[in-house]
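Over in TrEMBL, the protein carries these features:
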{"type": "DOMAIN", "residues": "62-186", "note": "domain 'ABC3 transporter permease C-terminal'"}
{"type": "TRANSMEM", "residues": "17-37", "note": "transmembrane segment"}
{"type": "TRANSMEM", "residues": "57-79", "note": "transmembrane segment"}
{"type": "TRANSMEM", "residues": "117-144", "note": "transmembrane segment"}
{"type": "TRANSMEM", "residues": "164-183", "note": "transmembrane segment"}
{"type": "TRANSMEM", "residues": "204-226", "note": "transmembrane segment"}
{"type": "TRANSMEM", "residues": "238-261", "note": "transmembrane segment"}
{"type": "TRANSMEM", "residues": "291-315", "note": "transmembrane segment"}
{"type": "TRANSMEM", "residues": "492-515", "note": "transmembrane segment"}
{"type": "TRANSMEM", "residues": "549-571", "note": "transmembrane segment"}
{"type": "TRANSMEM", "residues": "583-604", "note": "transmembrane segment"}
Amino acid sequence: MFSKLALRNVTRSLKDYSVYFLTLTFGVSIFYVFNSLESQWCMQMLAKSAHYMVESILIFMNVFSAFVSVVLACLILYANTFLMKRRKRELGTYFLLGLPTARVSLLLFLETLLIGLAALVTGILLGILLSQCLGLLTIAMFSAYPSGEAFGLVLSGKAVGKTALYFGVIFLLVMVFTGLSVSRARLIDLMQSGRRNEEMRERPLWRSVLTFLAGVALLLAAYAMLLLRGLLYIDPRFFLMLALGTLGTLLFFRSLSGFLLRVVKSRKKLYYKGLNMFVLRQFNSRIHTTYLSMTVICLLLLLAIGITACCVGLNNTIEQSTASAAPYDLTIQNYSGDTVRVDISTRLTEAGFDTDALLEDSLDFLLYYNDPVLTGFSDEEVNAAVSLRDYNALMAMQGKAPLAAAALPALSREPVLTGYGAFTGLAVVSDETAARLSPRRQVFAANYRGDKQAAEDALNAAYASPDFHTEETSFHLGTRIGVYMENMGSKILVLFMGLYLGMVFLLTAAAVLALQQLSQAADNAPRYRILARLGAPEKMRRRSVFTQVFLAFFLPLALAVVHAAVGMTAANAVIAQVGRVDSAASSAVTACFILVIYGAYFLATYCGSKRILRENG
């Protein structure tokens, strides 16, 4: 009986459950996506190469997942509180009919179980699709995919089990809190819900103006501190800057409860147009009591926008460093080359690496110590020197134009070594001048022929062979694939962590806003009924609902975008120290996430509020 009643209640209240169900589904799908990283092709590539960052990434994912589960648990409990508020009179009716508290708790338990199972299944199915989208995003980000492998749907059993376990615990907590709230509820409070109006006190205009100006001044001070000091110094002034920004945001929203209304009231034509008077007073009444939550929502949106944009921008910067760090498929440096020169190509052949078959081109050359008297460049300008003949041969291997002898001596910033820590400044001198310089090290640079991965495996095997090394020499191997794998590990960590946190913060902010607005729409239902009786047309009432929802969603987002623009300016200044910042890409990705998640909640909230208007009109 109770199972049928629970199913009927869920079906009957499906529209009331829409935002709650949307929150659960998005939460489950996001949690699944970022816990199924082991099934992503990029992680599998790292695992095949036994890369050390695989374990680090998975450890970070577990830590972040624990944090995210706590955030989602609080969000779901908040959403459940909204549902309980909507159903207070219904629960009071059950008590009036003589249903004991235990039975009511059992009924709510079954309803939570049904909606939880439906959201879990739907969320995992959506998560499987989103994980493929994430795979496509990583292909675009990494500009590569394993050749010969088909791209298709991948189900991670481990992620499904982990998602079911975490959300099972969350649903149990929801059931416990629901049971406690039912057991503590008083019948008179349940039956009189919705009849108590909030008392609104209109503040003097001068106080609202002063509060607004103080908030703006604090925000400008925080912006100035951030732009002047940057993000590199974490000291007491940094925390002071955060405090000023938070307090300024709080005062900004606090002042809106009186400032916006009084400003619009001064423009009589605008104030009395349509239902603007009703909309503004309702908005003023709500923001008077919800400015704290508006501040939190704005800061959550700031974190979502800032983290997502900065991580995507940093990800692109890391990608740019690959080209400069890997101009050739391989370089082998002989650190003993200043005293002992060896035939590296012959050494490789003797160790089992067929240089004739596996290498397209190669060059064995010397790097020299800089002598300012001979090169004309100080040690601060250049790290080493190279002869013009070797330099032009290296440029030919990179497909770049040679350097004319008339330009000597020349300062070059072109990379000549594969691997991080390469020389950043190179003095190019004539062959005669190079002969007078002291050798620094011997370098063997080459590009693969044919299957690069097969050649890489053969090279690693030869380099690890005892036949290649001697006691007199000290070698260092750097390969383009090795640099790429190093970059991939860093990019996965930066990109996935940023997207994970950004999406969770965005989901939290949007869900809280949606629940607040639906609660407000339910409270305003009698007022809309009065407006209908007074002759306000449905189109005008529908427009007033849209305006209220739009203001609630747009105001915190607008201020968060301003905060994020200033913060990203400071963050980009830091990122620019290691590479070029791609602001367009980071902004595009962030805008897509906001459009999908925030936009979905905005539409769901507007449709839900409009439905309440229609049913009570």
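Any Cβ shown, glycine's included, is placed from N, Cα and C.
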Contact call for the transmembrane segment (583-604) against the transmembrane segment (238-261), three or more Cβ pairs under 8 Å: no
Stretch of maximal Cβ-Cβ contact with the transmembrane segment (164-183) [cut-off: under 8 Å; candidates 17-37, 57-79, 204-226, 291-315, 549-571]: 57-79
Beyond the flanks of the transmembrane segment (549-571) by at least 6 residues, Cβ under 8 Å: 223, 226-227, 230-231, 245, 249, 252-253, 256, 283, 286, 294, 297-299, 301-302, 304-306, 309-310, 313, 509-510, 513, 516-517, 583, 586, 594, 598, 601-602, 605-606, 609
Range from 17-37, 238-261, 492-515 with the greatest count of C-beta pairs under 8 A to the transmembrane segment (291-315): 492-515
For the transmembrane segment (492-515), distant same-chain residues with Cβ under 8 A (at least six beyond the ends): 19, 22-23, 26-27, 30, 34, 37, 42-43, 46, 53, 56-57, 60-61, 64, 68, 71-72, 75, 78-79, 82, 134, 138, 141, 293, 296-297, 300-301, 303-305, 307-308, 310-312, 314-315, 318, 552-553, 556, 590, 593-594, 597-598, 600-602, 604-605, 608
Non-local residues, at least 6 beyond the ends, that sit with Cβ under 8 Å of the transmembrane segment (238-261): 202-205, 207-209, 211-212, 214-219, 221-223, 225-226, 229, 280-281, 283-284, 287-288, 291-292, 294-295, 298-299, 555-556, 559, 563
For the domain 'ABC3 transporter permease C-terminal' (62-186), the mean pLDDT of the predicted model: 74
